[in-house]
Amino acid sequence: MPPLVPRFFSAFAMVIFAIGQIYLVPKVVDVSDGLDFRLVWLAGDLWNNGINPYSDRFNQEYLQRFGLGPQSHFWVYPPSFQPLAGFLARLDFVHALQVWNILNFCFLHLASLLVARTITSAESADVLSVYLLIVGLASMMQATAVAISIGQTSFLVYLGIALLIYGYRTRQVVYVAAALTIVGLKPSVGIVLFCAVFASAHLRCAIIPAVMMHALLVMVSAAQMGLMADMIGFFGAVSSYATEGGPANAAENLIGLVQIANLFGLYLNGTILLLVACGTAFLIGWWAPDWALLTISLVCIIGLLVVPLHSYDLTFTVIVVAPTLCARFFPRSIFLLMGFVLLFRAENLARVTGITNPDGHIFPGSLIETIGLLVLAIATYACWFGAERLDGDPKSKVSRS
C-alpha cells in the first residue's frame, strides 16, 4: 500500500472524529430535555422510597413532578434495572441527567474502541484511526443525537454489542457474559442476542453467568417489592405499553417491518415479530461459518428490521459499517455503506426528499430508515454468507455441533 494511503486515512479519521465531537458534545452537556430519562430517574426514585414503579403510582408521580409529557407514562424496563436507576435517582434530576449523559458518552467511546480492536490487530497502528472513524461517524448520526438529547438507553445496547463482538473474537466467555448482562436490560434487543449466543456451542455457557447476574439484580428489587409483584407488574406494564403507548409507539413512527406493513394498511403483532427475530437469530448463530463481526452485525440488523423499535435505537448500526474497512468484503461492502448513508441523517433526508409515511409525524425519517435497514440486511447477509474468516485463524472457527 502506498505510504500516502494510510496517512490520508488517518487524517480523514481525525477530521471525522473532530466534527463528530463538535456536533455531539454540546448535546451531552445540555440538560434541558431528558424526556425519556425522566422515566429512568422516576423509577429509581420510587424504588428508593419503597414504591413499586410498575404500579399506578408511577403515572401519578410523573404528572406531579414533570407535568404532561408523553401521552402515557409507563416503566417497562425489567426489575434488574433497579440498581442502575436507583443509583442515578440518588441525585436530583438535573445532576442525574448530567451523569447519565456523560456515562453514555463514555459508553460510546469505549464501545467504539472495542470494535476497532476487533477488526484490527491489537498491535496495529490502524487501531487509533479506526476508533476515531467509528466514534466520529457514530457521533454524527442523527439517532445518536436524539438518543443523547432524550436520555435513552441506546448506548447501553451499543456497549453490550461491542462487548459481545470483542468476546467472540477473543473467545473470552467473560466478555460475552458481560455483554448479555448489559443488553438484557433492554429485553426487546437482549432476548434476540441471547438466542444467537445460545446457538453457539462454544460460548453458550456465557448465558449461565449472565442469567445469574440478572437474577441477582432482580433480587435487589424483589427484596423490597416482592418477586411476584415485580414480575406481574413488569409484564403488565409491557402489555399496557404495547396497546396504550401513545402515538410515538404507533406503527407509522416505528422502524422495520411494522413500518412497511403500516403503509399497506396491515397490522403486525409485536410479540410474534419478536419470536420471529429470536428464531432467525438462533438459526444465524447455529449456521454461522465464523462467529465474527459480520455474524453479530447480521443478528443486530435482523433484530432492528423485525422487532418494532424506534429511530434512536439505530445508533449501533455503525458497527455494521466497520467491516467495510476490511478490503476483502469489497465490492459487497459498498451496499453496506449505501444502507448506512440512508440511516445516517434519515430525518434530514426525509425533509429534503419528502419520502415519509404520511401518518408518521413524530419520527419522519422512519420510512427511509426502514429502507436503509432492508439494504443493510441484504448486504450484510451477502457479506456474511460468503465471507472468509476475518483473521484467517482456524482457531476462530466455531463448531456447529
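Cβ from N, Cα, C; glycine included.
Annotations in TrEMBL come from automatic prediction, not curation.
The transmembrane segment annotation in TrEMBL covers 7-25 (among others).
Residues or ranges marked as transmembrane segment by TrEMBL: 97-116 (among others). Within its own chain, the transmembrane segment (97-116) is flanked in space by residues 24-25, 27-29, 31, 34, 37, 40-41, 88, 91, 127-128, 130-131, 134-135, 138-139, 144, 147-148, 151, 154-156, 158-159, 161-163, 165-166, 293, 315-316, 318-319, 322, which lie at least six positions past its ends and keep a Cβ under 8 Å from the stretch.
Long-range contacts of the transmembrane segment (128-161) within its own chain (CB-CB distance under 8 A, at least 6 residues past either end) are made by residues 6, 9-10, 12-14, 16-21, 23-24, 27-28, 30, 33-38, 40, 77, 97, 100-101, 103-105, 107-113, 115-117, 119-120, 178-183, 185-186, 189-190, 193, 296, 300, 311-319, 321-322, 325, 343-348, 365. Annotation source TrEMBL lists transmembrane segment at 128-161 (among others).
Residues annotated as transmembrane segment in TrEMBL: 173-199 (among others).
Here TrEMBL flags 211-237 (among others) as transmembrane segment.
According to TrEMBL, the transmembrane segment annotation covers 257-284 (among others).
Per TrEMBL, transmembrane segment is recorded for 291-309 (among others).
Sequence-distant neighbours of the transmembrane segment (329-346) (same chain, 6+ residues past either end, Cβ-Cβ under 8 Å): 137, 140-143, 294, 311, 314, 317-318, 320-321, 323, 365-366, 368-369, 371-376, 378-380, 382-383, 386-387. Annotated transmembrane segment per TrEMBL: 329-346 (among others), in sequence order.
Annotation comment: TrEMBL describes 367-387 (among others) as transmembrane segment.
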- Item | Residue numbers, six or more beyond the limits of the transmembrane segment (7-25), whose CB comes under 8 Å of its CB atoms | 105, 126, 128-130, 132-133, 135-140, 144-145, 148
- Interface present between the transmembrane segment (291-309) and the transmembrane segment (257-284) (three or more C-beta pairs under 8 A): yes
- Query: Taking 3+ C-beta pairs under 8 angstroms (sequence gap of 6 or more) as contact, is the transmembrane segment (173-199) in contact with the transmembrane segment (367-387)?
  - Reply: no
- Task: Please give the sequence-distant neighbours of the transmembrane segment (211-237): residues at least 6 beyond its ends with Cβ less than 8 Å from one of its Cβ atoms.
- Result: 47, 50, 52-55, 74-76, 78-83, 86, 177, 181, 184
